[in-house]
Amino acid sequence: MACRPSIISRGSDVGQSTFNMPPAQTESALPMVQPLLKEFQLLFYISKIAGILPQDLEKFRTKNVLEKSRNGMVYMLAMLIVYVLLYNILIYSFGEEDRTLKASQSTLTFVIGLFLTYIGLIMMGTDQLTALRNQGRIGELYERIRQVDERLYKEKCVVDNSHIGGRIRFMLIMTFLFELSILLATYIKLVDYTQWMSVLWIVSAIPTFINTLDKIWFAVSLYALKERFEAINQTLEELVATHEKFKLWLRGDHDTSSRTLDSSQPPEYDSNLEYLYRELGGLDMGSLKGSGKNKVAPVSHSMNSFGESIEASDKATHHPISVNMAHESELSNASKVEEKLNNLCQVHDEICEIGKAMNELWSYPILSLMAYGFLIFTAQLYFLYCATQFQSIPSLFRSAKNPFITVIALSYTSGKCVYLIYLSWKTSLASKRTGISLHKCGVVADDNLLFEIVNHLSLKLLNHSVDFSACGFFTLDMETLYGVSGGITSYLIILIQFNLAAQQAKEAIQTFNSLNDTASLVGAATEMDNGSSTLYDLVTTTMLTPTV
Amino acid sequence: MSGRLGRVLHFHLRFYQVLGFHGLPLPGDERPHRTRQLLRAWSLFILMGLSGMVAVCLTSDLEFLYKGDLFGCVNDGMKFIFSELAVLSIYAETMASQRPLARFWWLHGKLNRQQQHGSRRLSRPVSIRSELRQYRRYLISLYGILVGEILINIWLWQVQPADMHLILFWSTFEPLVFLMYMRNVQFVLHMELLRQQLAQLERELSLLAEYSRFASLTGRSFKDFGHFLRRRLLQKQCVYNDVHEMYTCFQRAFRFSTLTVLLSIYVRIAVDCYFMYYTIYISVANLDYSLILPALFEIPAFIYASQSCMVIVPRIAYQLHNIVTETGCCGFADLSLQIQNFSLQILHQPLRINCLGVTILDCCLLTRIVCSVGTYIIYTIQFIPKFSNQ
């Protein structure tokens, strides 16, 4: 039925297939298979204004496609240069304080501050330059997703894009909230806003803001992929469920006596739980339970009763062919379902490929984000420690002076990183679940032809899983979090130890100097040798055994 | 009227209900809906109470936390904060993720019923002795550490004069420790049930393998033997699928609390080790640190349970491939196809108990925990002389 249109749309040109479809197909397909980018409109306009994407605005507005644009490129480069200039002015004007404070700062703090001054800028630059490099390929990616949607639609598997727009809006609101609260709180509490130069502080929020917008593109696209995997799994599960119902119905004609016996049993733990299922909404427990029972009950567990099991199984295999009237199940027809399973697996492969391509496009930005997250998290906590010890910290990281702002900033940064990791992990898991659902199909249908198909496809799925990584340096799954959190703790403790040691050395030198001053005064009055040697002893004990 | 749960399980689940850990009504409860709501309210109540207590501990001027230096105070506070996190996740999970838990118990009941259907031997009421034997691993880890904890507390009470500090400790941190421990044992219970199902599956597969070997050696089989084996394997595939779903439900039901409970036990051990060294360093006659002895066994108990669960799956695959397909009867291409299918299914459905994907809970984790506790102790010990002269 869906065969002819599929050939047409596959043969049709990229980007125009929606318009070239035959009228019958267009009517049903147009409202269903809407391009994913339609939901990205708000995000696209904001990104365009901020200079994250070079793609053509007009084409996007009219056709929902991302296409290269020379003007966009120029605008974006100009924005990048403006940001870099502004940021440098910011660093210069706020760096004045640092230069005066350099003496009182510990060297370690100073060096860390210097090292991390430009990391935000580097991250932003990576994002924008990668976007420039990828400007042609991103459009292709969404076009491929749209084709996947069409193919899924032909398998009666509809993907709902409607809540993606809401998701984008929520993420944007969260971004604005976090950025504004950090910016305003720092500006009001920690920046001297009597000077007009202090307005430049706004620039300090630009790198993180641009980075977040770019990551929203990635996150939402990844989420869309995850939904497609889940749609495939859902379709397979539905196949299983209908077949189980079908089998139940088949057996219902013959085994009514045993079923009434089952229902007359006293209520048990699972009957209580069944009530819960109804309560909590969701799975159709009645059918599952019945099928579970009927599926297995005829085959006895005992090793001795062979004959009985064979009889029962014969019955199960023959009926789907003989009785096929009111209820239907696709799984009972192996040759028909073969095509469907094959198609679904091909779509799965295609989604995996899209995932890999997407990962590749965003690999450098993700790597820089993760590096940024790790360094900034450690540095912010370290500066927070320094601030509690009343040491001066680099002026760009002044938000660390207030624990409350630090908490917001840290949760913003870590939220970004963790969400990306979590989503990648979830997507990878969803892609792996397809194999499980496929095997369920095979087991439920219990047909040798189908087993062969399932085995073949299952191997294919095993060999074709999608795992996300940051440039191949580390995989984006939850185990990375374990390593990163361990790393942050270790580095923090080491840094604090160095800081403590440096502080103590500084205090010891100060004591030494002041003692030296007094010693020279005292020494002028009394005998030189005696006094200075005791002082020398005192100072050495101060330095070496810190028990004074 | 304990349904099919058995008295031991019934008693312990009731116990977890009292602690607010098990939000589902038990079999035989008159009004399940009302019970569920009551349990939910009870969990919320306990959560509020404990959170209030932790808030008081963290802000009060009394010496709940160590006040000697800032570092020690932060360390002590961390213990409370992580315990609070654990408590929060435990009760939030009890209230929120009831569906996976219900599904877990439903599947457990279903598999048990199938087994009883199969072997008539078990259909008569099970004696309490055999039940105790069945759950011995869980019972040992529950009562072993419980008794240990109580004995050490009594000993401490005898040896050390009951000062204000000890009373504060008993009234605030000890309940948290107890809850954490009980939750840990609740995980152990669920994993033990999982392990029993897997072990049963492995036993049945090994019987099948043995029988097929016997048939191929002696040539004594019957008509449709291959077909029979194939039916059996198919049925085992369904069982494995159910067990795997039980595992997924377990993971989903205890997703966050596994992580936070292990983390809080870990933090407690690390912090208490620091204080142990500290008290020895400043030579204070204080034996508080002996309280970590039972805690030292909690993580291993958990990891042992999960490891013994995970090692069975390769055994199942091994037994599966032990089934001999050339027994000289008909339909063996089908049998080997079925074996392949099952084998692939096992590859697709591995059993990896991990807390939120962060780390797999096997013995490697134990090594890593020991290493990291050691490293952090060395780091923190270096602080002590620096703090004492400030």
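Just so you know, glycine gets a Cβ as well, placed from its N, Cα and C.
Keep in mind that TrEMBL annotations are predicted by a computer and have not been checked by a curator.
Taking Cβ pairs closer than 8 Å, the coiled coil (B:184-211) reaches residues 12, 16, 21-22, 104, 108, 111, 115, 134-135, 137-138, 141-142, 145, 229, 232-233, 236, 239-240, 243, 246-247, 250, 253-254, 258, 261-262, 265, 298, 301-302, 305-306, 308-309, 312-313, 315-316, 319-320, 322-324, 351, 353 in its own chain, all 6 or more past its ends. Annotated coiled coil per TrEMBL: B:184-211, in sequence order.
As annotated by TrEMBL, transmembrane segment applies to B:41-66 (among others).
TrEMBL lists B:78-96 (among others) with the feature transmembrane segment.
What TrEMBL lists as transmembrane segment is B:138-158 (among others).
Panel annotation: around the transmembrane segment (B:164-182), residues 16, 19, 21, 50, 53-54, 57, 62-64, 79-80, 83, 86-87, 90, 145-146, 149, 153, 156-157, 261, 264-265, 268, 288, 294-295, 298 of the same chain, lying at least six beyond its termini, place a Cβ under 8 Å from a Cβ of the stretch. Sequence annotations record features per position, and here TrEMBL assigns transmembrane segment to B:164-182 (among others).
Here TrEMBL flags B:256-277 (among others) as transmembrane segment.
Here TrEMBL flags B:289-313 (among others) as transmembrane segment. Among residues of the same chain six or more beyond the transmembrane segment (B:289-313), those with a C-beta under 8 A of the stretch's C-beta atoms are 137-138, 141, 144-145, 148-149, 152-153, 155-156, 177, 180-181, 184-185, 187-188, 191-192, 194-195, 198-199, 202, 262, 265-266, 268-269, 272-273, 275-276, 279, 346, 350-353, 360-363, 365-366, 369.
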Legend entry - When counting Cβ pairs under 8 Å to the transmembrane segment (B:78-96), the leader among B:41-66, B:138-158, B:256-277: B:256-277
Inset, instruction - Six or more residues out from either end of the transmembrane segment (B:256-277), which same-chain residues have a Cβ under 8 Å from its Cβ atoms? - result: 66, 72, 75-76, 78-79, 82-83, 85-86, 88-90, 92-93, 177, 180, 183-184, 187, 288-289, 291-292, 295-296, 298-299, 302, 355-356, 358, 361, 369, 373, 376-377, 380-381, 384
